[in-house]
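Right, one structure below, let's go through it.
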Amino acid sequence: MPSAAGAVLLAGGWLSFAVIANEVMIPSDFSLVLVALTIAEVIGRLLVTGWVSIDRETHLFSWSHSLASIMLRWVAFVAMLGVLFAVAPMPLLIGQPISMLYIAGASLALSVSNLAAAQRSALHQNRYNIFPLRMVFAAALLWGLDEISEIDAGLLLSALLLLWLAVAVTLLQGLPSPFSEVGSPRQPQLRKTVLAFGPALLKVADILILPCVLSPVPAAGYIGMRAGGLLTIFTLSSVQAATRERLKRNSAPSLAAEFAADAARLNLGLLLIGGGVSVGILVIQPYITPHFSPFASGDVTVLLWILLGALAPALLGAAPVLLSLTGHRREWALISFVGVLLLAALTYSLRISTPLGLAQVYAAVQLATIACAALIIGRTRGVWPGLTAVLFRRIRLT
């Protein structure tokens, strides 16, 4: 299934689920379910970061290596969650052990489903790839439960966990044995996954911190605003993906002038397209949020800060993409890991306890990391980042 179609199906499923949940659940339960769903989805994607891309790029797959990596990451996440739950109050999980159990179980089930879906895509078995439809199934499950009983957060999260397990089992049917070694050696794969993990973690670090700083209703409001930023991020990523092959062809040092010109066009395009999408989000936000109880009291200032962070590649240039194409993936991975640590340190040291504070820290860290990446690409390839792209042919470092 094409990624664009899958994204549309997934977005439609999330919207359908939110509309139904808003009608049949009280705001506090709806908020708790929404936050738990989001965190489990984020962790599930992080668990397979790198392995899915290797499968898509090389069509080679090693179940034992990939599953071992997933389990190792999952154990680390669960251990970290357990330690935080034991030593520090977590507003999101106080009195809600089912939420922690759901996040732990669902993240593993979703990661296995994601990996199996990628393998189906590589083997051209898309006919039975139901992974993009999972939230449509969740919306149907919610509607069915409402018809037979009164719904609370515990009941719905338990039912959703069973649903994700069923999806995982379905996707695994017909695939090669997990113990069939047909992939490339482990070390090159591990190196690639580590380089991909840092940037992926940086994109969602603020969501992973939510349980430690916000209670369910404010956290759900933050996620609602973050969804607006996600639309901007998806748009910018699509633009960068469309130009990636051209940039790659001109990435050799002997084609420095062509590379600088292409990078300038990309940076200017990101600024114009990303800015337009963000303005559109700000325009429609007042018409959408009042209809969803957890978002009704959301502060538009939170959305502004989130959009500022999402627009970092448009304001300061597509430096991460340019770094990856010019042999500097290790530098960007290191910057990303430092950015994650910086976000956690700022959140803790500043005693962040509001959506606005978290949005400001998110924006600051995103801008800082992209600025560092832009400095590296500027000094190594002579490409001025971001807003200076309006100068086009004058973009050079001497």
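Glycine residues also receive a Cβ, built from the backbone N, Cα and C atoms like all the rest.
All annotation found in TrEMBL is predicted automatically rather than curated by experts.
Note on the transmembrane segment (31-54): residues 18, 21, 25, 60, 66, 69-70, 73-74, 77, 92, 96, 99, 102-103, 106-111, 113-115, 118, 138, 153, 156-157, 160, 183-184, 189, 192-197, 200-201, 204, 207-208, 210-211, 216-217, 219-221, 223, 294 of its chain, located 6 or more positions outside it, place their CB under 8 angstroms from a CB of the stretch. Feature annotation from TrEMBL assigns transmembrane segment to 31-54 (among others).
Per TrEMBL, transmembrane segment is recorded for 74-94 (among others).
The transmembrane segment feature in TrEMBL is assigned to 100-116 (among others). Using a Cβ-Cβ cut-off under 8 Å and counting only residues 6 or more beyond its ends in the same chain, the transmembrane segment (100-116) has close neighbours at 36-37, 39-41, 43-45, 47-48, 51-52, 55, 66-67, 70, 74, 77-78, 81, 85, 93, 131, 134, 157-158, 160-161, 164-165, 167-168, 171-172, 175.
Summarising the annotation, TrEMBL assigns transmembrane segment to 128-145 (among others).
Panel annotation: around the transmembrane segment (151-172), residues 21, 24-25, 28-29, 32-33, 36-37, 96, 98-99, 101-102, 105-106, 109-110, 112-113, 116-117, 120, 128-131, 134, 137-138, 141-142, 145 of the same chain, lying at least six beyond its termini, place a Cβ under 8 Å from a Cβ of the stretch. The feature transmembrane segment is assigned by TrEMBL to 151-172 (among others).
Listed by sequence, the residues of this chain that lie at least six past the ends of the transmembrane segment (193-217) yet keep a Cβ under 8 A from its Cβ atoms are 27-28, 31-32, 35, 38-39, 42-43, 45-46, 49-51, 53-54, 69, 81, 84, 88, 90-93, 96, 223, 226, 233, 294, 320, 329-330, 332-337, 339-340, 343-344, 347, 352-355, 358-359, 361-362, 365-366, 369. For 193-217 (among others), the entry in TrEMBL reads transmembrane segment.
The transmembrane segment feature in TrEMBL is assigned to 223-243 (among others).
Among the features that TrEMBL reports, transmembrane segment is placed at 264-288 (among others).
Annotation source TrEMBL lists transmembrane segment at 300-325 (among others).
According to TrEMBL, the transmembrane segment annotation covers 332-350 (among others). Outside the transmembrane segment (332-350), and at least 6 residues removed from its termini, the chain residues within Cβ reach (under 8 Å) are 194-199, 201-202, 205-206, 209, 212-213, 319-320, 323-324, 357-358, 361-362, 364-366, 368-369, 372-373.
Residues or ranges marked as transmembrane segment by TrEMBL: 356-377 (among others).
Sequence-distant neighbours of the transmembrane segment (356-377) (same chain, 6+ residues past either end, Cβ-Cβ under 8 Å): 202, 205-206, 209-210, 213-214, 222, 225, 263, 299, 301-303, 305-306, 308-310, 312-313, 315-317, 319-320, 322-323, 326, 328, 331-332, 335-336, 338-339, 342-343, 346-347, 350, 383, 385-386.
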